[in-house]
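Working notes, beginning with the structure itself.
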Amino acid sequence: MLGFLKNPVVVTAEINMNLVALTVMGLISRLWGLSYPRAVVFDEVYYGQFVSLYMKRIFFVDDSGPPFGHMLLALGGYLGGFDGNFLWNRIGAEYSMNVPVWSLRLLPALTGALCVPLAYQILVELQFSHCAALGAALLILLENSLITQSRFMLLESILIFFILLAVLSYLKFYNLQRHSSFSGSWWFWLLLTGVACSCAVGVKYMGLFTYMLLLAIAGLHFWHMIGDQNFSNVSLMCHFLARGLALIIIPVAMYLSFFYVHLTLLYRSGPHDQIMTSAFQASLEGGLARITQGQPLEVAYGSQITLRNVLGKPMQCWLHSHTNTYPIRYENGRGSSHQQQVTCYPFKDVNNWWIVKDPGMQQLVVSNPPRPVRHGHIVQLVHGITTRYLNTHDVAAPLSPHSQEVSCYIDYNISMPAQNLWRVEIVNRESDTDVWKTILSEVRFVHVNTSAVLKASGFLSGASLPEWGYRQLEVVGEKLSKGYHQSMVWNVEEHRYGKSQEQKEREVELHSPTQMDISKNLSFMAKFTELQWKILTLKNEDTEHKYSSSALDWITMDTNIAYWLHPTSGAQIHLLGNVVIWASANVAALIYMCLSLWYLIRRRRKIYDIPEDAWQLWASGGGSCVGGWAANYLPFFLMEKTLFLYHYLPALTFQILLIPIVLQHLGNHFCRSLLLKSMFSALIVAWFSSVYLVYCTFSPVTYGEPSLSVTELKDLRWRDSWNILIRKP
């Protein structure tokens, strides 16, 4: 029974020494001197702030993309014991001793290093020779711009790693398709494709370009399967469901999980709260939650409330009034009602409080039991401090003459009666009997007499009231509006049930804290939807940056970015590519497109210059690389944002993979004699030597050392458009 123990247990393994050597070289090139310089390098000043906020569990919003990449950088800080205490205020600032520089930069460096063996494996899976695959990996290894970008706390190397991993996983899955469908390895590579795609998109939305490309390729491959009679209907359905699960459902689920972890980690109130809704703010620990905790949930007649405009851009503001009146005449000669001013005020103030009144009753307190206000109910809004009623009438607003003035009514005993009835419309209601809820309900106030909608117009015009209005934002009645805009939507932020009928007692009550305890926790999906919408729509002012560039500048590398300059010596770091590699990549792309067009025209005429298997290899392998380049480059021509050279690096990576593909094709099909093959090989050796020479030449500004003299720095300015920093004597 135990006879199997008579023989030793032997485990054999095949080790690809090419992969081992490439991985080691990649690690050395990216990890060597990783802690140098011990100072903030370019966009580390940007990403470092988010790492500190993660360490302190403080909520933030970054409009540049999803949170997965930020969390990976924060993981490095966590593993290094970073406490988040560092002021990320300027490039070049020296890191304090509590900042684990090596740990923070480790993950980008590791992913950058692993891109080298990934490039090798991708060309092998595309059925090209190991020599071509080795060439592709060495080009990635010696590309100065990829080295620079992977040695600092930046996201591009992580993005490129997941992009290449997704491409490799799909190629392995596709190659297994022919002989071992639904095997364990088949499922592994298919699922890893979806996981890598979701990670790429989770790092930066630029990953979406490669994800869409792979979906298109998978769709094309499945379309060919449909025409294959060897597949039964059941088999085709199983393949379709497997691809749908791995390439759509799992990536979506993972994308949601990134936000779930992000929101779970960042549970404390922070500086970015104000752009979120009151409901979101109240779900965070501290900040608004400290104010709103214990508020009544349902707004009732007699409730004392503050009304925050939902738009919240460029700043949050609350419906506000004060004792001052509109001037009798404005500067342009137009007249006003001389009623009490109503504005939108960007700070919390006792004059932001309003009382919800039943038009049919005089009392300003909540009855027992409370009578909740529902969608469609008519209310009056009484200003808490001045006890005047919110009013609008057919008088032009001060800054928006096509809209109605909104005021608090003062009875001047003239022929201008009060028009102070407002209909409550709950925009996000589930039914027409919904109760108006604190924080959760988004409401519009429609004027009964004129059908005008209460609107904070100052957000859209960008203008504030003159000195007589204390530079506060204008509030108007928008009569002609038929659509929905967030500037017309309000939500109750602070709320208490009024108990004092006397005005003096009421004023004291408005300053006192609430006592009741109602939870305002939002569901994850509600928070995700709001945060995702903010990320997609929040636009920082795109100012022209010294090192910004256009997409056309990238192909010929007419631009560079100075990442860091030593405070005393000439040592500096630049994002500069290997000129020979960039030029070769452009030539390879041009040759590929011209040759492909030539082959297609000739094949149309039934002339076949190369064997069918060579054509399939050329079309699929080269097409994938050109497609990856185009998908990651062309969309930038449609973007209205500040662009930098590093945005081109994912596209450049695909273009570099194309170089050995073109070289192998030319060597196999255009160099037919032994002499031509020898000359071609010699040219490749000379060309590769020049690649290495340029890599070495620009290494001082890739790694930041050794320090170069003024003459040496001037010699590196191969283009007049490059900004090599030279200190004045």
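The backbone N, Cα and C atoms fix where each Cβ goes, and this holds for glycine too.
Bear in mind that TrEMBL entries carry predicted annotations, made automatically and left uncurated.
Annotation source TrEMBL lists transmembrane segment at 15-33 (among others).
As annotated by TrEMBL, transmembrane segment applies to 67-88 (among others).
What TrEMBL lists as transmembrane segment is 100-120 (among others).
Panel annotation: around the transmembrane segment (154-174), residues 42-44, 47, 69, 72-73, 107-109, 111-112, 114-115, 118-119, 121-122, 125-126, 146, 185-186, 189-190, 192-193, 196-197, 199-200, 203-204, 206-207, 210-211, 214, 217-218, 221, 624, 628, 632, 646, 649-650, 653 of the same chain, lying at least six beyond its termini, place a Cβ under 8 Å from a Cβ of the stretch. According to TrEMBL, the feature transmembrane segment maps to 154-174 (among others).
The transmembrane segment annotation in TrEMBL covers 186-203 (among others). Here the transmembrane segment (186-203) has long-range neighbours at 65-69, 72, 155, 158-159, 162-163, 165-166, 169-170, 172-173, 176-177, 180, 210-211, 214, 242-243, 246-248, 250-252, 254-255, 258, meaning same-chain residues at least 6 beyond its ends whose C-beta is under 8 angstroms from one of its own.
Counting only same-chain residues 6+ beyond the ends of the transmembrane segment (208-226), those with a CB under 8 A from a CB of the stretch are 163, 166-167, 170, 174, 177, 193, 197, 200-201, 236, 239-240, 243, 247-248, 251, 624, 627-628, 631-632, 635, 650. Taken from TrEMBL, the feature transmembrane segment applies to 208-226 (among others).
Within the chain carrying the transmembrane segment (246-267), a Cβ under 8 angstroms from the stretch's Cβ atoms is held by residues 53-54, 57-60, 66-68, 70-71, 190-191, 193-195, 197-199, 201-202, 211, 214-215, 218, 284-285, 524, 527-528, 531-532, all 6 or more beyond its ends. If you look up TrEMBL, you'll see 246-267 (among others) marked as transmembrane segment.
For 296-359 (among others), the entry in TrEMBL reads domain 'MIR'.
Sequence annotations record features per position, and here TrEMBL assigns domain 'MIR' to 370-427 (among others). Applying DSSP to the domain 'MIR' (370-427) sorts its residues as follows: 0 helix, 26 strand, 32 coil.
Look at TrEMBL and you will find 579-601 (among others) tagged as transmembrane segment.
What TrEMBL records for 643-663 (among others) is transmembrane segment. Distant neighbours of the transmembrane segment (643-663): 115, 119, 122-123, 126, 128, 131-133, 135-136, 139-140, 143, 145-146, 149, 154, 156, 159-160, 163-164, 206, 209-210, 545, 547-551, 553-554, 557, 559-561, 575, 577, 581-582, 584-586, 588-589, 591-592, 618, 621-622, 625-633, 636, 684; these residues of the same chain sit at least 6 beyond its ends, with a Cβ under 8 Å from one of its Cβ atoms.
Annotated transmembrane segment per TrEMBL: 675-695 (among others), in sequence order.
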Could you give the mean pLDDT over the domain 'MIR' (296-359), rounded to a whole number? 89
